[in-house]
Amino acid sequence: MSDYKSTLNLPETGFPMRGDLAKREPGMLARWTDDDLYGIIRAAKKGKKTFILHDGPPYANGSIHIGHSVNKILKDIIVKSKGLSGFDSPYVPGWDCHGLPIELKVEQEFGKPGEKFTAAEFRAKCREYAATQVDGQRKDFIRLGVLGDWSHPYLTMDFKTEANIIRALGRIIKNGHLHKGAKPVHWCVDCRSALAEAEVEYYDKTSPSIDVAFRAVDQDAVKAKFGLPGVSGPVSLVIWTTTPWTLPANRAISLAPDFDYALVQIDGQAVILAKDLVESVMQRIGAAEYTILGTVKGAELELLRFTHPFMGFDVPAILGDHVTLDAGTGAVHTAPGHGPDDYVIGQKYGLETANPVGPDGAYLPGTYPTLDGVNVFKANDIVIELLKEKGALLHVEKMQHSYPCCWRHKTPIIFRATPQWFVSMDKEGLRQQSLKEIKGVQWIPDWGQARIESMVANRPDWCISRQRTWGVPMSLFVHKETQELLPIERTLAAMEEVAKRVEVDGIQAWWDLDPKEILGEDADQYEKVPDTLDVWFDSGSTSYSVVDARPEFAGHAADMYLEGSDQHRGWFMSSLMISVAMKGKAPYRQVLTHGFTVDGQGRKMSKSIGNTVSPQDVMNKLGADILRLWVASTDYTGEMAVSDEILKRAADSYRRIRNTARFLLANLNGFNPATDMVKPEEMVVLDRWAVGCAKTAQQEILKAYEAYDFHEVVQRLMRFCSVEMGSFYLDIIKDRQYTAKADSVARRSCQTALYHIAEALVRWMAPIMSFTADEIWGYLPGEREKYVFTGEWYDGLFGLEENEEFNDAFWDDVRYIKDQVNKELENQKANGIKSNLEAKVTLKYADDANGTIKKLKLLGEEVRFIFITSQFVISEQAGGIDDENIQYNAGNTTVQAVVTRAEGDKCPRCWHYTTDVGKVAEHADICGRCVSNIAGNGEQRKFA
């Protein structure tokens, strides 16, 4: 027997079967860097319509975690897919570089400013630390395969950016949004600074819950309000609180104007409570016997005065809409210096905003003899003892509740009234304009709109001042005596002068500045404001300080912001406030949020649990493309589960896609698209169908990319590779591809289809599996640009027309029939027919309502190649098909497959069984078809 292996067109490619991504990817990255791939893309896209995804800056502190990876990969997928969609989509990564966490790290290593070195030296060390953190994170982000201007990122500590942050504040001042006030703000006693809303986390805390009686100053007046002048015993108004330490700052008691308040007789005294809460309060304080003497509306009690239990003054009853019946007594202890609602109502009534607590959380001297110098969280017991001594404590118990804590220290925080600078939400209509702008933004998922609308509608004024060392200075001057801001025009001119200096020397220029250099003779009357800006102002102003300033953005506003769902109250909020305050419009057109990562059991990632997944470990073991594929295949709108098992599944999916690509490349061996391409109208019908499959898949994949629906992209890609190609087309074409004449139309038609499919597939993969797409690109035949990322989606796809005889609907029926035939072939393995080519299939049918069988008959001899059997016979059953046999419906056609052993001998070249093996003397051991393909004109294929 001759060896016919040399006569076959066996697949061959240098594209490896195994990805070995962890080993190969670093080399590809080095090439990308050496070639300046990002610069090549920018040059290729110059002049195209822009799409700007503005990077929300991660904090320059610590190594990147899996959440960082999700965020950067999602951004990169969008930027690359937009590039392939014909956009110029520059990506400038950024970092948030000022603020407390960096200060704390530097303090831990070197000590606090003023102890061993000056504030200026401390800032220099903070800048140095932030720079090292940026370098570390940048390497990991690049390793993820994220393309961007990594050589020129934006840093909020860049001198020019610092200067522009000051200019942004100047514009906000010019537009009338800044004001100064002693308002209660979130205050961390460990940070000794105000905190932004986004820096507050909530944890369970056990606190004392107390009911306190404030005795009426004019007993008769109160009794008269209830129409009960003869009531015996003293009358008190009862408040309930879980923060006894705030009682020294009490300046009023708030009631709801429309609630009914009851005068209740207990144990020789009368107390006033909300009528609906009487029963629960009586149970709580253990009053078994009580009598409701009368009721009045809260409005009737307004401005009646009650004696503070131990502070030696009396306070008014006032009316407020913030009073509820959810808990307590219906009478709210009101300390304007310790709560935003209290402050607002206090302003309405002209109450003192008392602030008896220092920045360290201890009571200031002169507060109360037994409280002076005591930390507020240690003062609750002292206050409770005071109330007992004064006979004002009705009840005390322990209560667990959610309490605000510092995001950095995880310790409880307080509301503390301090002189601060605020961006007003209402003075110049910022709240209403922001709500209007929100409606013009596309929120993805759409529930993001309601979430941020609620936050904007209910948020207090934004406290933008901080008492920190490492931050952008507010750059303001105030009068030494009145503390009034320098007149507006001079303030703006002074800020611009400061900004110019900061642009040259950084923020230290402000602290080195002698006011005389700017204010001249007036310098003696004014002093510099020592405060720095909230770091959320730094990042929130980047639509101006970065997007408006970078030349590659060419004056275009950002199209998209993309961050985790916690940023509705963080970066999305601060960016919206600043942009609307400066320009009257939102800084973004689309806002996309992704969920947080959890483990395979849905638990939050935690080092203590030991369920964290390190992106560095994943890249070093599996490769970045596996991590990228996991991100893309996960629905980012909810929690994103990741574990070793989940990543293993992503690796399995990757292998299926890679194997498909390798099959395409291996079978394109020897194909030159410039000379070997077959025209569509001359191609085998099945090949045109396959290209049409790719066309349909591309339409759906591009639609999913456009909708940022990346898990749908992956699902559609997998279906194309595994089902449409792997389970059908690629199996069928192996015979033709391997056995036909090398340069025959039959084979070149197949290669033409594979070429079109590969050109499309590599581009679908590129935004997600970027390294693998780049690797595939290098093995594709034909002239092309150096990188897949510089081009656009493949536009060479075509398909079958609907009015053709063998259209897509026909091939859908064929695929269905083939699935059923394959099941019967599988069943026959038990009867000794081990492979499909050992089989002869007789397809019986009783009717052909939709014409599928008629069309199958028209395929003639080629029908067997579709079913990958040696013989295939179609037989009409006039009397119908026996119901006891296996039967099924293809469209409206009832058919049955009967499998028997194929007739004839096995051809050693094509492995088909035929009755003409050995009929040609020169080739005595192969079939007639193979003889034709070796020595004759070659077989002709029209359909399959």
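In case you wondered, yes, glycine gets a Cβ from its N, Cα and C as well.
If you check Swiss-Prot, you get these features:
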type	residues	note
BINDING	Glu563	L-isoleucyl-5'-AMP binding site
BINDING	Lys607	ATP binding site
BINDING	Cys907, Cys910, Cys927, Cys930	Zn(2+) binding site
MOTIF	58-68	motif ''HIGH' region'
MOTIF	604-608	motif ''KMSKS' region'
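Here the motif ''KMSKS' region' (604-608) has a mean pLDDT of 79 out of 100. A gap of 59 Å separates the Cα atoms of the residue listed as 'ATP binding site' and Cys910 (Zn(2+) binding site). Remark: secondary structure over the motif ''KMSKS' region' (604-608) totals 0 helix, 1 strand, 4 coil, with classes taken from DSSP. Neighbouring residues of the recorded Zn(2+) site, listed in sequence order and excluding Cys907, Cys910, Cys927, Cys930, comprise Thr739, Pro908, Arg909, Trp911, His912, Thr914, Val917, Ile926, Gly928, Arg929, Val931 (Cβ within 8 Å of the Cβ centroid). Counting in whole angstrom, Cys910 (Zn(2+) binding site) lies 56 from Glu563 (L-isoleucyl-5'-AMP binding site) by their C-alpha atoms. All protein chains shown were included, and the count of other CB atoms within 10 Å of the CB of Glu563 (L-isoleucyl-5'-AMP binding site) stands at 21. Sequence-distant contacts (6 or more apart, same chain, Cβ under 8 Å) of Cys927 (Zn(2+) binding site) comprise Cys907, Arg909, Cys910, His912, Thr914, Asp916, Val917. DSSP assignment over the motif ''HIGH' region' (58-68) gives 3 helix, 1 strand, 7 coil. Shown are the binding-site residues Cys907, Cys910, Cys930; of these, the residue with the fewest other Cβ atoms within 10 Å is Cys910. For the pair Glu563 (L-isoleucyl-5'-AMP binding site) and Cys930 (Zn(2+) binding site), the Cα-Cα distance reads 61 Å.
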